[in-house]
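What Swiss-Prot says about this one:
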type	residues	note
DOMAIN	65-100	domain 'EF-hand 1'
BINDING	Asp78, Asp80, Asp82, Cys84, Glu89	Ca(2+) 1 binding site
DOMAIN	101-136	domain 'EF-hand 2'
BINDING	Asp114, Asn116, Asp118, Glu125	Ca(2+) 2 binding site
DOMAIN	146-181	domain 'EF-hand 3'
BINDING	Asp159, Asp161, Asp163, Lys165, Asp170	Ca(2+) 3 binding site
Amino acid sequence: MNRKKLQKLTDSLTKNCKHFSKFEVKCLINLFYNLVGEVTERQGVIIGLDRNAFRNILHMTFGMTDDMIMDRVFRGFDKDNDGCISVTEWVYGLSVFLRGTLEEKMKYCFEVFDLNGDSFISKEEMFHMLKNSLLKQPSEEDPDEGIKDLVEITLKKMDHDHDGKLSFADYEQAVREETLLLEAFGPCLPDPKSQSEFEAQVFKDPNEFNEV
């Protein structure tokens, strides 16, 4: 990307991205093109991170291990659903992922947990996500029973209108009362250590830029 184009992109992203400074946006753009590699920009060719490349970043950099959650995080970043994360989606996505307000993070986490995109988190969705995050005990005859119990306990705590599923309003109320419930169904945000390490590595003088 030529300097003029890069400057224009940096300015436009900085204007619309309240959590990053111009310098930080520039660093994230640099990192994006480092990760994508040398790709010639051509008409009709999408330059971006595909699902595997992005999941690799989530795993290696932010320690995520749950395939289902990583897949949903990818979809959360890939706003236009073209199967690829563009440089704009990368910067906007990281803005919430790394530095979002509680409101932004609640909206993001709810979208991640709403597996089928119907604006509710159903019992089935809770079951699938909690099943992945719990370790099975070899002695358990029916490990699913414990997960079903956990789903019922979670609903009791979070389902404020008692309709057997979680709307965003239910989820928001529960999280505002107890912020630990933000990632109730699995880690989909970076832990503080990964976040500070990532930022320390990326937000430095571009002249001494290394890949993360």
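Residue positions begin at 1 at the first shown residue.
Note that Cβ sites are derived from N, Cα and C of the backbone, with glycine treated the same way.
On the structure: features taken from Swiss-Prot.
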residue	record	DSSP (3 states)
Asp78	Ca(2+) 1 binding site	coil
Glu89	Ca(2+) 1 binding site	helix
Asn116	Ca(2+) 2 binding site	coil
Glu125	Ca(2+) 2 binding site	helix
Asp159	Ca(2+) 3 binding site	coil
Lys165	Ca(2+) 3 binding site	coil
Asp170	Ca(2+) 3 binding site	helix
Problem set entry | Cβ-Cβ neighbours of Asp170 (Ca(2+) 3 binding site) (radius 10 Å) | 21
For this session: Measuring CA to CA, name the entry from the binding-site residues Asp78, Asp163, Lys165 that ends up nearest Asp118 (Ca(2+) 2 binding site).
Result: Lys165
Exercise. Which of these binding-site residues is closest to Glu125 (Ca(2+) 2 binding site) if you go by CA atoms: Asp82, Cys84, Asp170?
Worked result: Asp170
Problem set entry | Top Cα neighbour of Asp163 (Ca(2+) 3 binding site) in the set of binding-site residues Asp80, Cys84, Asp114, Asn116 | Asp114
Exercise. Other than Asp114, Asn116, Asp118, Glu125, which residues of the chain come within 8 Å of the Ca(2+) 2 site, judged by Cβ distance to the Cβ centroid of those residues?
Worked result: Phe113, Leu115, Gly117, Ser119, Phe120, Ile121, Ser122
Exercise. What residue among the binding-site residues Asp78, Asp82, Asp161 has the most other CB atoms lying within 10 A of its CB?
Worked result: Asp78
Exercise. Among all the protein chains here, how many other CB atoms are within 10 A of the CB of Asn116 (Ca(2+) 2 binding site)?
Worked result: 10
Seminar exercise, completed: Filtered by Cβ under 8 Å and at least 6 apart in sequence, the residues in the chain of Asp80 (Ca(2+) 1 binding site) near it are Ser86, Glu89
For this session: Run through the domain 'EF-hand 1' (65-100) and tell me, per DSSP, how many residues are helix, strand and coil.
Result: 24 helix, 2 strand, 10 coil
Problem set entry | Nonlocal residues around Asp114 (Ca(2+) 2 binding site), in sequence order (Cβ under 8 Å, 6 or more apart) | Phe120, Ile121, Glu125
Problem set entry | Residues within 8 Å of the Asp159, Asp161, Asp163, Lys165, Asp170 Cβ centre (excluding the Ca(2+) 3 site residues themselves) | Phe120, Leu155, Met158, His160, His162, Gly164, Leu166, Ser167
Problem set entry | Least surrounded among the binding-site residues, given as Asp118, Glu125, when other CB atoms within 10 Å are counted | Asp118
Exercise. When you measure from the Cβ of Lys165 (Ca(2+) 3 binding site), which residues in the chain that are at least 6 apart have a Cβ under 8 Å away?
Worked result: Phe120, Ile121, Ser122, Lys123, Asp159
For this session: Tally every other Cβ atom lying within 10 Å of the Cβ atom of Cys84 (Ca(2+) 1 binding site).
Result: 18
